[in-house]
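See below for the structure under consideration.
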């Protein structure tokens, strides 16, 4: 078998896909241009008659305390005295309502609306810079880099204010060396509810009574972590909010008259405690403003805002504390905290409402002029309209000041409308695209899909020496990339790697396609002669077949936001429909039932059918039974779906919640028992299958993994679930032991998993050799070997899966089919080998089984049942494919062509997407199960690579399992060859026993070609899905739902393709590794058997 051409072709195809994705994403998800300028107290904003705008009047407040309660949802802050039975998160912050009611001139409570993405780092950027985030910023949430834009922290330091920070260590990464004193605490461990909060409380009050600070920032994380771990509707949330209520009361008691208190949340949370998206539950936090001195003119009025955007906090705090507004801020001052015109004297001081608005408008106009000069992405008509509006407002304001008349209320309203328009224009503009990169990415992806399809059609030709190799395309790619790099250096002085990669990928694709034109007519062997296949690969007859129409329909549907929202159920329906097509199509061709009696066949004038009627009935029954198992699995898998915000009344699956969140002990015990039973069945079914085919008799590393490591890993997983479900307040005397178990059990499972996978790769053979004890005389009937208890297989299985003629086939298989010259070998079995008929599929199946347990470890316990359904569905699909292949043998004797049809390949890829949803995942950022990052690492991580890898493995678990197991589609019809052909000669010559997967070694070239074709067909389906998502994002880039639906879908499809491609390469490489081991085993065995 030729290994290098298979891997090199697959790596090349994957590489061009990766380049296309990289280019398109680079053009679609660009970060907006940052203006690296800062405001100063000496700035003169135009038009200006004053010597300076910022810092020219005495500030309203000398000090400020900012209490950031992470994920303080507005629902947590409201207080309803009529609610006699509040939920755990309701009515737990009464201090806010009490203060607003008793001191209306000193305090206000507003909804505080964040701009998506609602992740902590982006929110800190938003309410310190006053700028709007872009979609791609969400990717930086766990790799916080320093903020380079002008911001409040920089401005405080610039005017000499001492900023003291304590809490979430994200601030230390965003503002390195900017604080007068800093007390950061690790923030990444979402299971830790108390470390950060308790650390703050140890220093908060003592700092407040001191004199070495001007701005105090305290960022609490307990509420956010409680939401992630338990959800908002849990007693732990009530305890956390009650603690925060006490903190706010204590801070209020220690405030001085010249100090402003701001209590706020950076974002909200969903009903499951997650955040990151743009639903109102995630964007609406709370903000509470208070000062011991009067802060507002009076009680709330109708003119006050219903909602305060987070960006508005920046100019408001800047002007209240007497520092310049950050240069890039597009926020609008909160007018109620500024006194009306003419009431700024006395103790109030500071700026009036109109003065604050005027400074704010001039600052925003300056930023708009600077930004539009640097970046040309703001539409000219919008920019011209905003400039003319500001010019008109400037004339009105300056005329009012010059004449000394009181300003009209319309002027303030017009300034507010101008600021709102600027922010809306910027928000609409900062989805910047690079059309050239997007077009290049689209072209490369389109050619990659075409190339992948052609490689699958020409797999046999490409494996042969005369086929179009990869050396010319790779050489041309290298030359094209170097040429583009040289041109770039000559013209612009630096190299932009993306265009070098684009030139390399496109040139190699085009050259390959041009060279492949000569191979349209593919020679195939038929009855000893050569025939030609179809002269074209892209004819409608070859493309418009039901198995390909289904993925094409799905790809077209990705242009619909309604389909993307309901994709989980839609893909389940597509899997069901295509699976139902298999028996319908067989019945249409007259292959599902035994053929009727034909006297001509009985008389010998026509050839007899390849399979006996009993075999046909048996295979048909197996196919229909597996269809029933598939339908049942599909139906039950719908019980594990999560819900999108757009789905309204949808209720997420209760199995998505970890056991620790469940408060009903009976329900918790029931979920645990179901999970353990599912895990036990997963382990039992894998071992049962391996034992049935005689693969548990050898002494190899793979067999050791199946016998010992697989069950031990399952036990560790079950114990880990039990420990994780234990409430923190129970077994206090064993708290240290429980904490150690939470650390040790998952790590032990990880170690066992790594050891098992390594042993499978190192020693994958599961073959047990039994030499012939006695030589029977000619004509003597040969009795099967007796059953030995140590083998662990039944006599029937031994009869089915013993390879009696293996010695002859070893001779023919050695050195890829080289014939051995010598005397005729005795017909009696010289060597009996158990498990040789499944030598390829057994290690691959075991590898997938071990990998599945490892991936289940990263999911909530309730997903064990979903993983069991995944295993059953994989088995049902494999058996349906095998039965269909056997029934199609009615057309003649067994063919040496091992190619896998499109139908099972498409079903396999759809099942991967279906179980992506059936394991509680959605193509949205709030649905990411961040808790996977802390399995085995409850104290958090020092870097971001490991947690990101764990979250990726959790998110794309179904993609990984189906991609690694994809070669099973090639092997399974051969695995079931014995059962499906005992009634006739479908497996070879008369009197010859079936040899199952050993048939692949009779024609290694076709084996290699079939493996390459299967892999490229699977990649083609996955690539077509990515290409469709890319087209949807490009066409609908100005659609209302682009950032909420289509952009996340693109990111998840692209990431899923990357993970699936790598997983498929691992599966194919494992098959090639087994083939190397089988070849070495033959070479070692034959000299021994010949002696």
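Cβ coordinates are placed from backbone N, Cα and C, and glycine is handled just like the others.
TrEMBL labels come from automatic prediction, so no person has curated them.
Checking TrEMBL for transmembrane segment across the ranges 737-762, 763-788, 789-814, 893-918 points to 737-762. In summary, the transmembrane segment (621-638) does not lie against the transmembrane segment (956-975): fewer than three C-beta pairs, each 6 or more positions apart in sequence, are under 8 Å. Long-range neighbours of the transmembrane segment (438-462) within the same chain, counting only residues 6 or more positions beyond its ends whose Cβ lies under 8 Å from a Cβ of the stretch, are 5, 9, 13, 16-17, 19-28, 468-469, 499, 502, 505-506, 509-510, 512-513, 516, 519, 522, 524, 537-538, 1005-1006, 1009-1010, 1012-1013, 1016-1017, 1019-1020, 1023-1024, 1026-1027, 1030-1031, 1034. Most Cβ pairs under 8 Å with the transmembrane segment (737-762) belong to 839-858, among the candidate stretches 474-490, 839-858, 865-882. If you count C-beta pairs under 8 angstroms between the transmembrane segment (839-858) and each of 496-514, 865-882, 956-975, 1056-1082, the highest count goes to 956-975.
If one looks beyond the transmembrane segment (706-725) by at least 6 residues along the same chain, the residues whose Cβ comes under 8 Å of a Cβ in the stretch are 658-660, 662, 668, 672, 675-676, 679-680, 682-683, 686-687, 690, 695-696, 738, 741-742, 745-746, 748-749, 752-753, 755-756, 759, 766, 846, 849-850, 853-854, 856-857, 861. At the 8 Å Cβ cutoff, the transmembrane segment (496-514) and the transmembrane segment (7-31) share at least 3 close pairs (sequence separation 6 or more) and count as touching.
The transmembrane segment (7-31) and the transmembrane segment (1056-1082) are in contact, since at least 3 Cβ pairs between them lie under 8 Å (pairs 6 or more apart in sequence). Note on the transmembrane segment (669-686): residues 654-655, 659, 662, 706, 710-711, 714, 717-718, 721-722, 725, 845-846, 849, 852-853, 856, 861-862, 864-865, 867-868, 871, 875 of its chain, located 6 or more positions outside it, place their CB under 8 angstroms from a CB of the stretch.
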